[in-house]
Amino acid sequence: MSDPKLTKAVDSICDQFIVTKSKISQLTEYFIDCMEKGLEPCESDISQNKGLPMIPTFVTDKPSGQEHGVTMLAADLGGTNFRVCSVELLGNHEFKIEQEKSKIPTFFFQDDHHVTSKDLFQHMALITHQFLTKHHKDVIQDYKWKMGFTFSYPVDQTSLSSGKLIRWTKGFKIGDTVGQDVVQLFQQELNDIGLSNVHVVALTNDTTGTLLARCYASSDAARAINEPVIGCIFGTGTNGCYMEKLENIHKLDPASREELLSQGKTHMCINTEWGSFDNELNHLPTTSYDIKIDQQFSTNPGFHLFEKRVSGLYLGEILRNILLDLEKQELFDLKESVLKNNPFILTTETLSHIEIDTVENDLQDTRDALLKAADLETTFEERVLIQKLVRAISRRAAFLAAVPIAAILIKTNALNQSYHCQVEVGCDGSVVEHYPGFRSMMRHALALSPIGPEGERDVHLRISKDGSGVGAALCALHANY
């Protein structure tokens, strides 16, 4: 028999994570407003700008899928791994990829002033050299390589091949990188180890790469579905991009905009940096656990507050803080569990096992997952309540994840471009790809959003694999040395 007080407390907490239809509509409307504000000219201090960052990527074309006969490099600095790959475009929506992935050493995430930008980018350059030695030894020095660099952190991008870091996210704490051009930092280290023939010609992020990769792979022969209109990431972090009309990007230098228009360009990919949506907390659903995690356990308090409710890095931490609170109320006993003193120990993999476990199984998968992750023994009654919490956390995340999708579709009028118009959304990231039911919950929220059930039926959420690799290579394709 479960403790009535514990059950009541858990039910009360779950109620705090409910996102209603009216809240989805309110958030969608506000998101559009923040997009429009973000497209206006920037303040001199970029951190003081209102609205979303809405960073121009200087990518003005989407691939057709027929590009072929060239091999390029891509480097991807994510939140967990650094990856180098070579991409050979074969045409007909096909490509060949060679890649190596290495885990980023933990000391780069520690608050250690002795770790510098040079340490990080030298590490990346050495891994690039190892990759070329292994996979392209015969031409390592004889070939002029174009490289696209996927750097999925907020940057002030001023051209296709230059951008200064605004702030770190995802746990990095290397202070001297902020304000520096990350392309120059990487290129310098490549030059210093003898790879001056590798030219970092395009700076992109994982969302732009996801959109471009999905465009290359998309091959709807009947043209019943429009080419992808949004690229999005729901993994360790979250972000999204889309193609905006040049005439609406008022923050672009007027001369640059006119030059692009004179070249026949009509759109530019905008990196929304939607992880920063509503940092002012005007409308975002907020619990005491969200506030505590932001202020006490995150590396960037006050920033990326949308991301801290949606991304995989934080979902398990929300659960951990709820359990700590229940123990503080003397309603739950964490015993000697390592949960007490280890922030971020609960991963989305652990939550995934809990999410889909069944009562018929006595929630044994939940028991095993909590034992493995946190050395926490639980009763069946406790597991029932923990599963209820997990499902409340994930449902809120998925419902919030639908908001920017709906907002962009409305702002761009993407669902009304042609008769019976349907659109693709290219998605990447461990949460959207692997978390049980996440996409289904997103679709439910889209139907509740202002696009309605009719609009939701015309939206296709497609997993776009290798966006940060293939997409970065595609970004580099037409760039100059």
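The backbone N, Cα and C atoms fix where each Cβ goes, and this holds for glycine too.
From a predicted model like this one, the values you see are computed outputs, not experimental measurements.
Cross-referencing Lys37, Lys50, Lys101, Lys103 against the ATP binding annotation in Swiss-Prot, which names Asp466, Gly467, Ser468, Gly469, Val470, Gly471, picks out Lys101. Across the residues the record lists as binding ATP (Lys101, Asp466, Gly467, Ser468, Gly469, Val470, Gly471), the two Cα atoms farthest apart are 16 Å from each other. Counting only same-chain residues at least 6 apart in sequence, those with a Cβ under 8 Å from the Cβ of Gly467 (ATP binding site) are Asp206, Thr207, Gly209, Thr210, Leu211, Leu212, Ala213, Arg214, Gly231, Ile233, Gly426, Asp428. Non-local neighbourhood of Gly469 (ATP binding site): Ala74, Asp76, Arg83, Cys85, Val87, Ile97, Gln99, Thr150, Gly209, Ala213, each in the same chain, at least six residues away, with C-beta under 8 Å from its C-beta.
Secondary structure of the region 'Hexokinase small subdomain' (64-204) per DSSP, as helix, strand and coil residue counts: 40 helix, 55 strand, 46 coil. Within the same chain, the residues at least 6 positions away from Ser468 (ATP binding site) whose Cβ sits under 8 Å from its Cβ are Ala74, Asp76, Gly78, Arg83, Thr150, Ser152, Asp206, Gly209, Thr210, Asp428, listed in sequence order. Cβ neighbours of Gly471 (ATP binding site) (same chain, under 8 Å, six or more residues apart in sequence): Ala74, Gly148, Thr150, Thr204, Asp206, Thr208, Gly209, Thr210, Leu211, Leu212, Ala213, Gly231. Note on Asp466 (ATP binding site): other Cβ atoms within 10 Å of its Cβ, all shown chains, come to 22.
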